[in-house]
């Protein structure tokens, strides 16, 4: 069992070896940026779907809207590169808010990010499996199991370490980026390639007037293409040193590729008058128009399906690091700050797996049920990060700080508007869940924090403790017979203290032979181990309670350190444990929570 | 949680109070005899179903066959009354075989009984629920959940104690016995009451020849009415003293009532030419013919449904006592010989619940799937008990021992024949499962026994041990900081030995502040607790392994008793446990199975 797991996860890593599992900028694309990059599969589509309501004529607005979105993207990339520089410990908007806001703003940022990460995993996997199932309808019934299998594979890869994950994802990522850039290049250079395009025919007669509200809705729908841009800044510690430099490079690379893809797709969609079709995605239409429906088209389609699912990994890069920071700041259990054998924050990874697995099961693997919940969290954290940066600039005032503050300020306003639109327009469709989850998380963080503060005070971490005090010790050994096990335990007891008593419990039940107490006393006297035996008689069936009563009585009358040594047999195979009376379990359970008594088992191996 | 359970189960009982939970002969009928008594609901039916194959004329053979079965019943009652006298410790055929056969015959008896008990529970509950569902077809879909609920209720009652169970079942038992005897009396006294009987019309033209094989099959089918006769002898310790006397009285009472019922039903069925009908049971036809379809008929029908399900209790009277005997004889884990707070063999009760619950789920609550497996076990144990008695008489030779031996010998031959017929005729329908389960159980018993023998030898239970030897003791205290918890733990360590070392692990990971080791050394020196601090540096993330390595190194170089005291925080609420780093769990796990090291937690309560 253990060795199978070990071979899946890999051998323990030394701290020095951990750089193997740290990533380079190109690996950063495959490990942390697929969420953002794959949004080209649904971003342009989301814009066109909103515009189509206003009729075929309104579709041409896709280009100006995309330009605005790319400008916002530039602002975000600019902001997060600053975040990386200023907060190289990772944590993104949480780190920014921690440094620049008082009170619980940072907890809002953390909660928003955690909700977003969980949704990213669920949405990505569900979308990938959804595309697979639309290609092979036989798989529809297996949606949830397939989702969970993919989740399991991604989890195991992340428990090995992000480096292995990044390398595993490198090939599909390269094919995806290269293929899509090639499609755009071919489309732009050969404008006549579009022979196969079915021109868009609106199902409904359009309104033919484009109001401001519709424009805003189209814009905010397109903003979903920006989710994932923050992941690199959140995961800076995952990069190889010099971390900040490599992370900034990755962020820039991501920004450029995403901008080119979004603009290219918008130009081509506009030029070829491509609109939303119920049976084919916009991206697929563009690809078919540019290269035709040949092997390249199918290879690229398959790769897109794959990278959509792999985009879930972005969250695995972010959440564990964030949870580690929260744990160090006493907002989450300290377990989340522990690295495992592979120097991975395993508790964070597993928590994310459980949360998103539950979510996938709850919505039955349906992307549509998750979409309304998505993007609110990340846009909240965009807004917080940029507002925090504005305060950051005002505080430290480097060169050109006013320019930077203005850019971040505008960015914050735009992303705040977008989150508002998300929230209002999707509230009844499910966004209310997010508005419930985020405050609950904040309350949880706050309660954990106050508990840790109380504990630190109670443990006296704030002041030097007094001298440890030494007391006389009495060792109590519960025994059931005179045997080698008893000999072993009494020997250990005598090593600890000169004052040892053995106790045994005799139940006066109907079946027990009445002479049992006498018999044992006699055997004990004959053996003469130099330790008195106290026989405790009881009317009840429980043999633990008389021992506890004895100890309590003793503790009441003497000021001595009590040690209870319970002799146990350790059989050579685990399954034989069932065959031994577990006095130790019962007794240890009854004595648990008595800080005045030390309880230990004295195991003896059976040969 | 615990208090809810306590109020379900009742307060702990003293051994002296246990008589409250011990039963009288009348209670013995409701607690241990329903299995046998309710067999009138299917015994006569089973005979008629076989005879009907030979045509309507053959049906009149039901009376002679029933007479033979009642003779066999008399033999069995005679035998088991002798068993009660000779083996008042309970265990029925297991006790008989243990005393009169060498080798594994007793294990065959035990295995047959255990299989029979499990099937009794499953068959009874499934039959009761089946009758309920045929009255209310809406419940058919809920068959398994209803079965499991009834099983749960019976289990809880039995965990309270058999006395409470018997009293709870007394009213339906009395209504059932009284009602059925009344039906028979009315039927016999008013022979013209049968106006409403539909005479039997065979669906197939009968063979009209009754061969020996058919007779034997009809006889062995009717023998299913005898299952449960052994339960009283198996559960003698459950009766109030004088146990054997009361148990024998119960056995006689059961035998008489069952004989009257069987004979009465056979006479009436024969007189009114009642045959098997697919839509109504034979018992129901007799009842309707005798009293008409009025409230009395419906009340009695409902009671029969109820007592059919409650018949499951018979097994709960038998199996825990048997398992207790097997445990005392080292054939089952000793846990089965432990009485719980209520002086009940709780492990036996719960094991029976789990086994029969699994069986009910496996067959989807369908009685028909279980019937072919049933009765083989109990007839095997009938045969073994009577053969054992024959040897018993030959051994002790009381007055009239030859007569007794002859009666038991004939009984053994008859029951052996019946089991043979069961086995052959139902082998392919499912009886093969039993022929697999019984040998597997025997192997299990034998392996457990040989394990206990090995253990007793290894523990030196067969000879007095040497004197316990005392060694010098070193106490190792793993610490993480200088705090009141550390003070508390060091104090306890000093109470145990003068030689104490504190150890702490510093990981040289990227994030740990590099000065942590120095800082801690300095704090320690300032505190000066009189105990050295060893700082263990490690490149790996695990903090448990360096401590284990340290201990191993030490143990290799010195011949000293090692004690590891792990300081832990006990939070005031259990849920806060998640918030503390469980060094103790990891360390205790790593150190488990080192018989040379005593590992104990030093808990400190948070105020």
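All positions are counted from 1 along the displayed chain.
Glycine residues also receive a Cβ, built from the backbone N, Cα and C atoms like all the rest.
Heads up, TrEMBL stuff is auto-annotated, nobody curated it.
Ranges compared are A:20-42, A:135-157, and TrEMBL records transmembrane segment for A:135-157. Panel annotation: around the transmembrane segment (A:344-363), residues 21, 117-119, 121-122, 125-126, 144, 147-148, 151-152, 155, 158-162, 312, 315-316, 319-324, 333, 335-338, 369-370 of the same chain, lying at least six beyond its termini, place a Cβ under 8 Å from a Cβ of the stretch. Contact between the transmembrane segment (A:107-129) and the transmembrane segment (A:405-424) does not hold: fewer than three of their C-beta pairs are under 8 Å, each pair 6 or more apart in sequence.
Note: the stretches the transmembrane segment (A:135-157) and the transmembrane segment (A:405-424) are not in contact (fewer than 3 CB pairs below 8 A, sequence gap of 6 or more). Below 8 angstroms of C-beta separation, residues 72, 75-76, 78-79, 82, 216-217, 219-220, 223, 375-376, 379-380, 382-383, 386-387, 389-390, 393-394, 431, 435 of the same chain, each at least six residues beyond the ends of the transmembrane segment (A:405-424), sit close to that stretch. Of the candidate ranges A:46-74, A:210-232, A:252-269, A:295-323, A:430-448, A:295-323 contributes the most Cβ pairs within a distance under 8 Å of the transmembrane segment (A:169-190). With pairs at least 6 apart in sequence, the transmembrane segment (A:210-232) and the transmembrane segment (A:252-269) have 3 or more Cβ pairs within the 8 Å limit; the two touch.
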